[in-house]
Amino acid sequence: MAGPEGFQYRALYPFRRERPEDLELLPGDVLVVSRAALQALGVAEGGERCPQSVGWMPGLNERTRQRGDFPGTYVEFLGPVALARPGPRPRGPRPLPARPRDGAPEPGLTLPDLPEQFSPPDVAPPLLVKLVEAIERTGLDSESHYRPELPAPRTDWSLSDVDQWDTAALADGIKSFLLALPAPLVTPEASAEARRALREAAGPVGPALEPPTLPLHRALTLRFLLQHLGRVASRAPALGPAVRALGATFGPLLLRAPPPPSSPPPGGAPDGSEPSPDFPALLVEKLLQEHLEEQEVAPPALPPKPPKAKPASTVLANGGSPPSLQDAEWYWGDISREEVNEKLRDTPDGTFLVRDASSKIQGEYTLTLRKGGNNKLIKVFHRDGHYGFSEPLTFCSVVDLINHYRHESLAQYNAKLDTRLLYPVSKYQQDQIVKEDSVEAVGAQLKVYHQQYQDKSREYDQLYEEYTRTSQELQMKRTAIEAFNETIKIFEEQGQTQEKCSKEYLERFRREGNEKEMQRILLNSERLKSRIAEIHESRTKLEQQLRAQASDNREIDKRMNSLKPDLMQLRKIRDQYLVWLTQKGARQKKINEWLGIKNETEDQYALMEDEDDLPHHEERTWYVGKINRTQAEEMLSGKRDGTFLIRESSQRGCYACSVVVDGDTKHCVIYRTATGFGFAEPYNLYGSLKELVLHYQHASLVQHNDALTVTLAHPVRAPGPGPPPAAR
C-alpha cells in the first residue's frame with residue numbers, strides 16, 4: 001500500500017471499552033489510522049476503504065486524544081490524511097463484534113421525557129437529584145469523578161441500592177441518565193443560539209440556554225447539573241483543568257450532536273460555518289466558568305440549627321406597625337441580576353441586598369451576598385406564611401429573616417458562609433464619590449481617573465495575551481510529553497521482543513561460531529537501549545521546562561487577579577463622574593475631550609443648527625418593533641458606520657440597539673429599569689427610548705464598550721444624502 005501516511009474514519013455508533021487497550025467511541029468521533037498499522041494487519045491497497053472487512057483497527061481518537069483498538073464495523077471511511085502515527089502493538093486474534101443495525105435502539109431502558117419526570121417547583125428530575133445527592137455525600141475531592149468513557153447502558157432505574165454504589169458507579173449513573181433521555185438535554189435550536197453567542201463573544205452564553213429558547217424542564221435540569229459540576233470543579237486542586245475536563249466529558253452527553261455529513265472531509269466546510277467538533281466541550285466549559293463567577297449557594301444537606309431565641313414580636317415598642325418589606329432599605333424589588341452585579345461591584349464581604357426571585361413566584365425572593373469577592377445567591381423560600389433559607393421555615397417575614405442574620409452568622413445555614421449580613425445596599429442612600437463642585441474641576445479629575453483606567457487596562461491586556469500564549473505552549477508541551485510516553489512504551493515493547501529473540505539467535509550463532517552476526521545483534525540491542533535513554537532524557541528536560549513555565553503562568557494569573565479590583569474600582573469612579581457631568585448638562589463634546597475621544601463631525605446631521613430638525617425625533621425612522629437579530633443585520637447590511645435601529649429584545653422587558661461599527665453590525669441590550677432606559681448601570685437615566693437615542697446621537701457608545709467607537713448618527717429609515725452623480 002503506497003501513498004498517504006494515514007487515513008481518517010468516523011464513528012457511526014457508540015462503543016464501550018471491553019478491554020484496557022480499547023477506545024471509547026461516540027457517534028461522530030474522528031479516528032486516525034496510520035498506513036503502517038494497516039500494512040502490519042495485511043490490508044491490501046484499497047482495503048482501507050472497507051473498514052468492516054479489516055477487523056479490529058489500531059488508531060487515535062481525535063476527540064479524546066487516546067490511542068487504542070476499535071472495531072471496523074463501527075466506523076465509515078472518510079479519506080486520506082498526511083499524519084504519521086506509530087505502528088500497532090502486537091496483539092493476538094480477537095473476534096469482531098457485529099455491526100449494529102441501523103436504527104436499532106441502544107440497549108438499555110429509554111427514560112420518559114423530562115416533562116413526564118418532574119414539574120416545577122421541583123428543580124430537576126428525582127432520578128438525577130438522587131444520583132447527585134449520593135455522589136456529593138461520597139465527597140467531591142476526587143479528581144476521577146467524571147471520566148470521558150461512556151457508561152454501560154442501564155436497564156434498571158429503580159436505584160434501590162444507590163447507597164451502596166461507589167463513586168465511579170454513581171458518576172456513570174449520571175452520564176447514563178443523560179444518554180437515556182429520548183432527546184438531548186440541549187436542543188439543536190438552543191445549541192445554535194449558544195453557538196452564535198459563543199462565536200460573537202458579545203456576552204454570557206447562559207441566557208441563550210434559558211426559556212423560551214430552551215424548554216423550561218430542560219433549562220431547570222441543565223441549571224441543576226451545572227450547579228453540581230460547579231461544586232465538583234471548585235473542589236479540584238486546579239480549577240482550570242477541572243473545568244476543561246468536565247466540559248470534555250459532559251459536552252457530548254448534553255448535546256448529542258449527530259455526525260456531520262460524510263461528503264466533505266472534516267475541516268473542509270467551504271464557508272467556515274461548520275461547527276467545531278470541540279463546540280460541545282467549549283460550551284459546557286463556558287457555562288461552568290459563568291456559573292463559577294457567580295456561584296449559586298445550594299441549600300445544605302441538613303436543615304440549619306434553630307435560632308437561639310424565637311424572634312421577638314414584630315410590634316414596635318412605640319405601638320407602631322412593624323417595618324414592611326417595601327420600606328426596607330435593602331429590598332430592591334424586581335431588578336435584574338445584572339443590576340445587582342453592578343450595585344455589588346467592588347464591595348466588601350458582607351454587603352447584601354434582596355430582590356424578587358427570577359422565578360416570579362409570589363413570596364419567593366433572592367438574597368445576594370458578597371463573600372470571597374464573589375456574589376452568592378441564596379433563595380428565600382416561603383410556605384404557609386413563613387420564610388427561611390431551608391427547612392424548617394421559622395421566620396414570620398423576610399424582614400425578620402434578614403434582621404436575624406444581621407446579628408447571626410450564616411454559617412449555621414451553610415458552613416462556607418461564615419459572615420453576617422453586614423452592609424445593606426440602600427436604595428435610599430447611594431454613595432456619592434464625586435467630591436468636586438464645578439464642572440471643570442470634575443472634568444479634570446475625570447481625565448485623571450480615565451487615564452489611570454486606560455493604563456491599568458493596557459497592563460491587564462498585555463498580561464492576558466502573555467497568559468494565553470503561555471497556556472497554549474503549556475498544552476503543546478503536555479501533548480508532547482504524552483507522545484514521548486507513547487513512543488517510550490512502543491520502544492520498550494520492541495526492546496523486550498528483541499531481547500527475547502536475541503537470546504535464541506545468540507545461542508545459535510555461538511554454536512556456529514558466527515562472531516560477526518553475534519556482534520551485529522549486540523550492536524542493535526545497544527543502539528535501541530541508547531535511543532530509549534535519549535527519549536527518556538528529552539522527556540525529562542521537557543517536564544522540567546513544563547514545571548518552570550507552569551510556575552510563571554501561575555504568577556501571571558496572580559498579577560491579573562490583583563489588577564481586577566483596581567480596574568473595577570477605577571471604572572466605578574469614572575462612571576460616577578460621567579453620570580455627574582451628564583446630569584449637570586455638560587456638553588458631550590467637552591466630555592469626549594476629557595476622555596480623549598475624537599469628536600466626529602463628518603456625519604450629515606452634525607452641522608444642523610437646530611437639534612429639533614434631527615430625524616431622530618421621529619421614532620418611525622429608527623424603531624422597527626419585533627424583528628430578530630438576523631433581520632436587523634439584513635436591514636443594516638451595506639449601511640455606513642453609525643446607522644442604527646431599535647428593536648424589541650429577546651430578553652423580556654428589554655430592547656436592543658443594532659448599529660453599524662467598522663462595517664459590521666453590533667447589538668447592545670437596552671435595559672428598562674425603575675430609573676429609566678439605558679445600556680448599563682448607572683446610565684439607566686433616560687425617560688424614553690427617544691431621549692436615549694437623542695443623547696447618543698452625539699455621545700459615543702465607547703464609554704460602555706471599547707469596541708463601539710460610534711454614535712447613533714443615522715436612523716436606518718431616515719432619508720439619507722442623495723446617491724453620487726455616477727449613480728444618478
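Placement of Cβ uses the backbone N, Cα and C atoms for every residue, glycine included.
The shown structure was predicted, so the numbers you read here are calculated from the model rather than taken from an experiment.
Under the heading region 'Disordered', Swiss-Prot lists 81-117, 254-279, 295-320. The compositional bias 'Pro residues' annotation in Swiss-Prot covers 87-98, 257-268. The site 'Arginine finger' annotation in Swiss-Prot covers ARG147. The annotation domain 'SH2 1' is assigned in Swiss-Prot to 330-425. Annotation source Swiss-Prot lists phosphotyrosine at TYR464, TYR605, TYR655. Taken from Swiss-Prot, the feature domain 'SH2 2' covers 622-716.
Between the C-alpha atoms of ARG147 (site 'Arginine finger') and TYR464 (phosphotyrosine), the distance comes to 30 Å. The helix, strand and coil residue counts that DSSP assigns across the domain 'SH2 2' (622-716) are 19 helix, 32 strand, 44 coil.
The most crowded of the modified residues listed here (TYR464, TYR655) is TYR655, judged by how many other CB atoms sit within 10 Å of its own CB. Annotation note: ARG147 (site 'Arginine finger') sits in a coil segment as assigned by DSSP. In this structure the C-alpha atoms belonging to TYR464 (phosphotyrosine) and TYR655 (phosphotyrosine) are separated by 33 Å. In the predicted model, residues of the domain 'SH2 2' (622-716) average a pLDDT of 87.
Secondary structure at TYR464 (phosphotyrosine), as computed by DSSP, is helix. Within the domain 'SH2 1' (330-425), the DSSP-based counts of helix, strand and coil residues read 21 helix, 30 strand, 45 coil.
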